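In Swiss-Prot this protein carries:
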BINDING   20-49, 288-298  FAD binding site
Amino acid sequence: MPASNDPVAASRRCETVSADVAIIGAGPVGLMIANYLGLQGVRVVVLEKLEQIIDYPRAIGLDDEALRVFQSVGLADVLLPHTTPDHWMRFVTHTGHCFASIEPRTDEFGWSRRNAFIQPLADRVLYEGLRRFPHVQVLFGTSVSGFTQDPAGVTIEADDEKGGRRTVRASYMVGADGGNSFVRRLLDVPFEGRTKPNQWIVVDVRNDPIGSPHIYMHCDPQRPYVSAALPHGIRRFEFMVMPGETEEELSKPENMAALIRKVVADPQKVDYIRKRVYTHNARLASTFRVDRVLLAGDAAHIMPVWQGQGYNSGIRDASNLGWKLAMVVKQLAGDALLDTYTAERRAHARSMIHLSEVAGDIFAPTSRFGIKFRDAFVRTFNVVPAMKRYFVEMRFKPMPRYETGVVLLAERKRKHGVMARVLERSGHSAPGRLLGLMSEKRESLLGRLVYGRDPSCHSPVGRMFIQPRVRTAEGSVVRLDDVLGSRFAIIGWGSDPTFGLSPLARETWQRLGGCFVLAKPDNQLDFHDDVPAGVIAIGDVQGRLKEWFARVPESVVLLRPDRFVAGMCTPQQVSDCIGELALKLSLKPAEQPAVKLAVPERAVAPESVAGVAAVAAVATRA
């Protein structure tokens with residue numbers, strides 16, 4: 001990765017850069033997309049107006065899906081030292097009573113479901129990961145002043161910090177430039193939603209003065225506040241800014257001491273990192289694509305922080321968009337594949353916004369009615385155990401489920417009956433948001449009442465596939481994705497997934513760079529007679545694959561590079577499913593040039609690890 005502070009490059013007053021994909025913004029989403037494209041051999045240039053990666057903490061929560069994406073680009077092991085797994089969220093009354101604790105203990109996707117992390121260090125891991133790719137360039141201190149599109153690509157005009165001009169020509173452009181996105185505004189894409197009236201002041205400190213693990217949401221009616229333990233001895237406090245207060249006033253030593261005294265006995269012995277006031281927003285772009293320009297992360301959606309889903313939703317965008325962009329720029333798939341990005345991601349981003357708003361309604365209601373609703377909701381926990389389990393086990397979290405796009409599901413229109421219309425009208429109230437969120441679970445009673453019976457609601461198609469530990473033929477026990485890599489995969493349980501495969505289907509799968517996998521009970525792995533050439537055999541160490549396949553009528557699953565289930569079938573139907581999938585992908589004819597999707601490298605170079613360690617030392621020391 002060419003360095004952005006190269007003195008020769010800095011001396012140029014006018015420069016033209018050519019790339020397959022230009023990414024505006026070197027935040028976590030832009031850097032993640034760049035890593036994914038870098039693994040696929042795609043030429044990428046990242047333009048960032050700041051002179052370096054932001055070095056102050058913002059997001060503090062990382063979920064299992066996001067960690068799985070880090071794994072897909074070979075960076076999970078480098079990130080793990082900067083995370084705290086099993087980071088529970090506890091809701092506490094003003095008297096100190098814990099009335100609810102979100103502590104999911106499952107790991108179906110291979111990682112802890114709730115993790116604390118230090119975002120600047122995670123961003124540094126992503127940036128250092130780009131050193132693996134000479135075809136990926138990051139240009140700091142480069143502000144985009146405009147861009148134009150034509151049928152062949154995007155031309156971007158930018159200014160560097162030395163007063164020079166840069167022209168970037170790319171086939172596609174991704175706007176990952178934050179909530180105040182210049183790209184989105186220039187495209188004139190509506191950013192629909194609302195801004196909450198309350199502000200919050202965030203205070204990050206070193207040498208944790210409390211030390212207790214987890215995150216505590218104190219529902220104090222006088223001033224709600226948050227206390228969160230973070231890795232490397234850092235703690236975050238968040239206090240609601242009350243009407244009439246300002247950041248300047250609250251930042252005065254005596255006022256800050258009064259705030260901190262609520263949680264720390266001696267405010268004079270607190271080692272501050274920074275203080276910052278922010279406002280909660282809940283907004284969603286009307287589309288994530290305009291011709292050859294795509295929006296991702298905060299440029300496409302912003303949400304309140306209460307479930308830590310802003311960062312994670314952006315990483316999901318990167319995972320969904322990365323492999324599709326790679327296929328299109330490599331001329332393997334047609335441009336229509338990129339239309340599935342909005343179709344798949346926008347609905348789930350909206351659900352995560354609703355989830356974040358509901359969490360805010362519970363923790364910090366902004367009206368007397370909201371407080372009464374919250375208190376009534378909490379009281380049901382003690383009399384309705386099922387309600388408490390639903391909350392504690394995070395069953396309320398909307399998991400991505402793609403009903404359109406690159407999935408082999410029959411098209412079905414949602415039913416919008418009386419209940420649906422009632423929820424739409426009450427959607428901006430606390431009860432309306434909660435019920436609307438619960439109705440997204442289509443298999444639930446409320447989901448059926450609102451949207452009607454969905455024959456495919458229990459189907460795994462369109463959902464993320466599990467990631468258990470498996471044994472390889474060489475005897476290693478690894479996570480499933482470490483075997484599959486970032487490529488298409490067909491997994492058959494107990495039978496050869498290539499049996500009866502037509503020559504055309506086999507050729508199509510080879511062009512996709514896909515692999516064939518035979519999963520079997522672990523004790524059968526040493527028997528090789530049932531494993532044909534070109535098929536990867538894995539042992540089901542934990543029994544989770546057997547359990548998963550026992551719940552569905554089919555025994556073969558087609559997986560996308562982002563590990564979502566594209567389709568399910570019997571061994572006799574694999575050829576037909578591959579043909580259907582090719583149509584969903586807008587796969588180009590065989591005579592077109594094609595490049596296989598690569599298996600990710602497992603780790604960054606040693607010098608990159610050293611760079612991350614150095615940043616960690618700075619973050620915890622100064």
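FYI, residue positions are counted from 1 along the chain as it appears here.
Backbone N, Cα and C define each Cβ position, glycine as well.
Overlay of Swiss-Prot annotations on the structure.
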residue: D20; record: FAD binding site; CB count, 10 Å: 21
residue: A26; record: FAD binding site; CB count, 10 Å: 28
residue: M32; record: FAD binding site; CB count, 10 Å: 32
residue: G38; record: FAD binding site; CB count, 10 Å: 26
residue: V44; record: FAD binding site; CB count, 10 Å: 28
residue: F288; record: FAD binding site; CB count, 10 Å: 28
residue: L294; record: FAD binding site; CB count, 10 Å: 27
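DSSP gives A26 (FAD binding site) a coil state; it is part of no helix or strand. Annotation note: M32 (FAD binding site) sits in a helical segment as assigned by DSSP.
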